[in-house]
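All remarks here apply to the structure that follows.
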Amino acid sequence: MRKLENFFDWYGQYVARKPFFFIVNDIWDIYAPTNGLSRVEEAGIRRFEYASGSHHHRMQILVSKKNRGNILTNEALDEVSQAHKFVADNITAWDGQNQIAYKNLCGIYCNDSNAAVLAFLQATLNDTSRSSFKLTFPNAEALQKKIFIGYSIGDLKIEKGYVTEAKMVILHYMVDTSLPNGRQLAADFETKVRNFFASITDISHHIKYSVLSRTRELEEQRAITITSLPFLGLTIIVLTAFMLLTLVRFPLYTSQHWQSIVGVLSPGMALWTTTGLLWGLGYPFSNILTVVPFLVVTIGIDDAFLILAGWRQSTKGESLEVRLGQSVAISGASVTVTSVTDVACFATGLFSNMPVVQLFCLYTTVALAIDFIYQMTFFTALVGVFVRKQVDIEKELIKTETKIEKTKDDESSSSSSLASLLTFVPTISQEAHTRNILEVFIDFLHTWTAKFIVLVAFFAHIMICLALVSHVNTNFDMENLYLEDSPLTDISRRMQNFVLGEAFVVNFGVFPMPDFDNAEIREKFEEMVKKLETMPGYGAGKENTNLWTREYSNAVAFWGETEDFWHKEDMVSNYREYGMDEKYITMKNDTNGDEIIDGFFFTITYQNFSNFLEVESFLEDRRAILKNYSSYFTIKSHHPFEKVPTESAASAPFNFISTSVSAVVLMSLLVLVFVMNFEAIISVVISIVSICLGIVVYLHLWNVNLDAVSLISMLMSIGFSVDYSAHVCYHYFAHVHEDEQLWRSHNYAETRDRLLSTFRGVAWPVMQSGLSTILGMFPLMFVRAYVVAVFWKTVILVGILGMLHALVLLPVIFILTHDVKLLFRRKRTVNPSPHSMELAS
């Protein structure tokens with residue numbers, strides 16, 4: 001026991017040290033493809049700390065006027081300067097032992113002073129002649145020295161090359177997390193900075209300060225979960241009420257209201273077990289998992305409907321053991337088929353190259369598998385407990401009947417109940433009877449009018465989908481990850497517009513150091529840079545490039561070029577002698593102990609992007625340029641927005657196609673295993689493909705893009721679409737009447753009886769499942785977040801399309817297939833083969 005106690009003592013301490021590991025994870029990682037080149041490029045830039053900031057915690061303060069006017073006024077800049085001065089001089093961070101001033105926290109970024117940028121902006125306002133200070137973008141000029149301000153001002157108005165207005169100033173605060181207790185320092189400093197700027201925003205009459213940081217992004221993501229989960233209680237209430245309403249029967253002792261009340265216990269237990277298990281194994285919780293509880297509850301209730309339907313179809317008057325065995329025999333196969341297909345469908349997402357898809361599918365797959373176990377054990381046992389009274393009442397009623405009636409009932413039961421149970425075929429009577437609504441509907445489906453209407457509607461649906469599928473938008477906006485009324489939504493939108501439109505600063509990391517002592521190598525490098533900085537539509541030439549080799553070349557030209565200037569042993573001393581900024585280079589000692597440059601980075605600022613689809617095209621062209629010079633240089637280029645959302649959006653179509661094809665193939669194999677009928681496979685594949693096409697196109701018309709979030713909903717739609725179709729196909733093909741003579745003698749055709757049997761067995765449970773699933777997502781409509789809206793929109797579409805395909809399209813396909821078989825059978829009868837004629841004679 002001591003070992004067990006020691007284990008949990010260690011575990012508790014581990015959770016205390018890293019609590020967020022069990023709660024959230026980084027959106028910039030889980031939404032990026034695992035095989036994306038941006039991951040490799042990001043790793044290549046990481047060695048240059050100033051470019052990557054991998055060991056620094058960044059906070060950006062977006063400063064603007066409350067009326068969104070021009071902030072380049074002396075009054076506004078004075079107020080911003082005072083606010084920054086207070087932060088730099090007065091706000092400290094606690095590391096657990098000491099208060100540390102900001103000048104000791106900012107690491108390698110301490111030389112990049114917000115105060116210097118603000119002073120420069122104020123100086124440009126006073127230097128109207130632009131003789132000493134020139135406010136150009138992204139590189140300005142102060143006393144003939146270039147200053148990069150691409151990260152500092154935005155929402156610009158530029159006239160004749162000079163910035164005349166700016167509606168946004170950006171302050172940057174960095175905390176070096178490599179310091180002792182660096183994470184604690186960063187968290188404490190950010191808390192104080194956020195409180196300070198929030199307070200002065202309330203006080204100021206003109207200026208608004210908005211804080212953007214990775215910590216705040218994670219907080220706003222958690223807000224979606226915190227907002228959504230309370231609605232799970234409303235979902236449970238709605239679904240319980242729906243089950244009560246649809247399971248009430250007369251006389252009341254046959255109602256299944258108690259079973260409906262406990263119908264959500266099994267999925268609830270499955271969720272609890274899954275969360276504890278996966279958290280314990282270290283799989284974090286992301287806002288994308290917010291809808292998992294809603295999915296598991298609605299799918300679990302679908303299984304409950306089938307189990308309860310099985311009880312209703314069991315033989316009345318038998319013992320509890322016999323009837324429960326019959327009900328499980330009736331429903332168990334259907335529940336198993338749909339559970340296996342659901343689990344298998346979501347399991348295909350585990351092989352996706354999107355971590356967010358893998359995480360979602362992991363939680364959903366485990367939860368559905370556990371729910372299946374609980375449904376077939378715990379819930380089935382509860383059904384047995386609740387129906388005891390019903391069984392006793394029915395036995396008493398049978399005893400009070402007359403002996404003649406009892407004998408007739410026994411004979412009818414012995415001749416048909418077993419067949420009904422094992423074959424799902426209703427008792428067939430040769431006597432004429434009044435047709436009910438179900439029979440009228442099935443007869444209508446057999447008419448050529450119905451066939452024509454259904455086929456025309458189906459092909460119209462397919463043609464519309466094929467025509468619009470190429471227009472589906474794969475753009476991905478960062479603001480979609482937050483609540484619509486979150487303050488971070490506007491901040492993220494403004495930052496995204498600023499970066500795309502004005503300051504898309506790409507870092508280029510060069511490692512190892514090229515042999516610049518070779519003039520040909522220098523020429524090739526300059527040729528490559530010119531191509532990069534003049535990329536059509538987005539590049540603006542050398543004015544937007546920060547490259548130390550050009551400054552170095554200018555110095556070499558000024559002093560008179562000699563070979564010594566480019567020797568690797570002399571470059572470091574020359575570099576320092578010219579007073580150049582060492583943040584752009586990394587150094588090491590060679591075998592002789594001499595300090596040499598072993599790598600460097602440079603930046604190019606691109607502009608005029610309107611969305612991330614354009615960034616995707618630009619990224620491919622930029623990589624092509626670098627690839628053409630790969631024999632000369634090893635260069636990695638990267639911008640944070642290229643990992644997410646650019647490559648995330650770019651990989652969405654491929655992920656959707658590959659995952660969908662895998663799921664369809666897997667579902668076909670599973671249908672073949674369970675049904676052993678190729679007609680069933682064809683029918684299910686047609687249904688799945690049709691529904692998936694419809695989901696993609698109709699979501700596009702409903703303002704949902706094909707991105708990393710909707711990719712998950714597409715995968716979910718495959719699982720749901722299989723459920724509806726699998727129920728109908730399984731009952732239609734697996735439960736065939738064994739007495740062919742009885743089929744022929746009956747006054748209904750074979751397809752009519754089989755459809756009647758199928759509809760009586762599963763039509764109402766399928767409708768209950770579809771309606772309950774839609775109702776289960778209804779409370780999520782009150783959560784104003786794109787991440788959540790994608791799912792409830794998908795569920796509504798899947799529910800509608802799934803029921804229409806299962807209860808209308810598939811029966812018509814079955815009927816038409818049977819008509820074709822009859823046609824060929826008649827031809828063989830009319831034109832018998834010579835061999836058959838010889839046998840007959």
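Placed from the backbone N, Cα and C atoms, the Cβ positions cover glycine too.
The model shown is predicted, which means the values in this text are computed figures rather than measured ones.
Matching 328-351, 712-735 against TrEMBL, the residues noted as transmembrane segment span 328-351. By number of Cβ pairs under 8 Å, the transmembrane segment (681-702) is matched best by 452-472 from the list 328-351, 357-387, 452-472, 762-783. Scored on C-beta pairs under 8 angstroms, the neighbour of the transmembrane segment (762-783) with the top count among 260-282, 288-308, 328-351, 357-387, 795-817 is 288-308. Long-range contacts of the transmembrane segment (795-817) within the same chain, counting only residues at least 6 positions beyond its ends with a Cβ under 8 Å from a Cβ of the stretch, are 298, 442, 445-446, 450-451, 454-455, 458, 679, 683, 686-687, 690-691, 694-695, 698-699, 716-717, 720-721, 723-725, 727-729, 732, 751, 754-755, 759, 763, 766-767, 770-771, 773-774, 776-777. With a cut-off of 8 Å between Cβ atoms, the residues of this chain six or more beyond the transmembrane segment (260-282) that come close are 21-22, 236, 239-240, 243-244, 247, 292-293, 296-297, 299-301, 303-304, 308, 362-363, 366-368, 370-371, 374-375, 378-379, 382. For the domain 'SSD' (228-385), the mean pLDDT of the prediction comes to 81.
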